[in-house]
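J.: Got a structure for you, questions after.
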Amino acid sequence: MSNFCSQVRLSSNLIRDVRIRISRSFTTIECHRPTILHKKGVDIIHDPWFNKGTAFSMTERDRLELRGLLPTNVQTVEQQIERFKTDLRRIEMNARDGETLSLAKWRILNRLHDRNETMYYKILVNQIKEYAPVVYTPTVGLVCQKYSGLFRRPRGMYFSAADRGEMMSMVYNWPADQVDMIVVTDGSRILGLGDLGVQGIGIAIGKLDLYVAAAGINPQRVLPIMIDVGTNNEKLLKDPLCKGTAGVAVAGLLGAVRAQDKMLIDFPKQNIVVAGAGSAGVGVLKAARRTMARMLGNNKDAYESARNQFWVVDVNGLITEERENIDDDVKPFAKKSNEMRRRGLNEGASLLEVVQEVKPDVLLGLSAVGGLFSKEILEAFKGSTSTRPTIFAMSNPTTNVECTPEEAFSVVGKHLIFASGSPLKDVDLGNGEIGYCNQGNNMYLFPGIGLGTLLSGARIISDGMLQAAAECLAEFMTEEEVLKGIIYPPISRIRDITKAIAAAVISEAIKERIAEGYREMTYRDLKRLSKEDIILHVENNMWKPDYPTLVYKNI
């Protein structure tokens, strides 16, 4: 009996120890503790990591030799933000058009980023819905195109062929000793804009802004990197979707299953017609097929069964095994010619013919062809066997969208579910009803996947971790929301979304035994955590944009 009691006490002590580690696991977010600096005076004011502007208290001004270097009035961060918003409103009044306004907003936000990172991220966190489109898509594409003219202050690191043999030592030039998150680009494929060369650094900066705002990664521990290999592409590339869309598309497809009042496990029964066989289209196809196969047992038969649910149509029509010079990535999705002929479909059948015959649950557009889903095709899609037929018009920018929500709802009807890659307005259907336009933005997923991978200590991101993230996002909406046709949650809840996704990713990494732990939290510690403890662990590791107390210490 005494041995049993000893084991109980030991188990309780282990659990208590793990929970203590949870609360201490990320020292850089403990804003309630003083931050020790080895600089003072104007050096602090010129350092965006620590500058508070007029929010330095009088005690700090004396301690850090700042008295007299700032206006006498001490302001709260809320007062500073209100003053900043006044400047933004003035810009909005004077802007001539949408593009000018977006760039003007980016400029003023970037200037704030250059002088006060805490305030910058506090604004971004508190109003993520309003400012995410400014620091990330769609404005970031415009910023990258004009980056050489917008460049004011270096942010990130640049490596080129001229640095060969020196890169290891160059890393020590970065001012931070520790880095948790790196986004690397060579600038060769920026959104739908093609090869922008070194100007593509803007996409790495914008993505890391969202890692900080949405995932709570400490901004002092992120690093944008440009691998400068030059540029030789003057034309826009044909595929407009960035990597990461696949996971969000799968989450939307799963959400559409829920909207049909079905279980997620029914996803492998969905018939999906895909318009577009470029890299973005194939990426979504592969991710959706993997998800179906995992639900069916994750074996060879499961993959074959999942393959049968997709009909892929490119510029030359339906892709079958008769297609010559078929791309290796597309080959697994080519339909068997004999089966298609029995259904009256031949190699190269038009999108209209395929939709008329298949009567799909989902029409997925990844073609970059504006207006591809014509009225005739939408009329054919009305014959879908689904109770909630779903259209994904995912091509960017808006000029390339396969159809608008107004066009889709006016033809298919109010029971339609609609999603797009660009932010489009909801549709007034009359009688107080709304046709919701869901934006499949990859910012729903990548912050949570990144944070979950970091905290789990996994060295790879497995298919299972990606599926766990997609399923978590699909289940985030309430039953009432999905029945209305809402398949993505409001972006204003991005921190809650990220926390849930990160916890799901960690749990999957533990399940697959690829988690290795992070800092004081070992793999064995992670295994002992309950679902609630994992969520708490994630929450405690999310940096919050609050001004810390600063203390000077001589080196």
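Glycine is treated like the rest: Cβ placed from N, Cα and C.
According to TrEMBL:
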ACT_SITE  Tyr136  active site, proton donor
ACT_SITE  Lys207  active site, proton acceptor
BINDING   Arg189, Asn396, Asn441  (S)-malate binding site
BINDING   Asp266  divalent metal cation binding site
DOMAIN    113-265  domain 'Malic enzyme N-terminal'
DOMAIN    244-510  domain 'Malic enzyme NAD-binding'
J.: Does anything in the same chain, at least 6 positions from Asp266 (divalent metal cation binding site), have a Cβ under 8 Å from its Cβ, and if so what?
T.: Val257, Gln260
J.: Do you know the mean pLDDT across the domain 'Malic enzyme N-terminal' (113-265)?
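T.: Reported value for the domain 'Malic enzyme N-terminal' (113-265) is a mean pLDDT of 84.
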J.: Please report the Cα separation of Asn396 ((S)-malate binding site) and Tyr136 (active site, proton donor) in Å, rounded to an integer.
T.: 14
J.: Return one of helix, strand or coil for Tyr136 (active site, proton donor), based on DSSP.
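T.: Note: Tyr136 (active site, proton donor) is coil by DSSP, not helix or strand.
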J.: Please report the DSSP secondary structure of Asn441 ((S)-malate binding site), reduced to three states.
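T.: DSSP assigns Asn441 ((S)-malate binding site) to coil.
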J.: Do me a favour and check the Cα-Cα span between Asn441 ((S)-malate binding site) and Tyr136 (active site, proton donor); whole Å is fine.
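T.: That comes out at 10 Å between the alpha carbons.
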J.: I'd like the Cβ neighbour count for Lys207 (active site, proton acceptor), meaning other Cβ atoms within 10 Å of its Cβ, all protein chains included.
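T.: Lys207 (active site, proton acceptor) is surrounded by 25 other Cβ atoms within 10 Å.
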J.: State the Cα to Cα distance, in Å, between Tyr136 (active site, proton donor) and Lys207 (active site, proton acceptor), rounded to an integer.
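T.: Approximately 7 Å lies between the Cα of Tyr136 (active site, proton donor) and that of Lys207 (active site, proton acceptor).
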J.: Check Lys207 (active site, proton acceptor) against DSSP and tell me helix, strand or coil, would you?
T.: helix
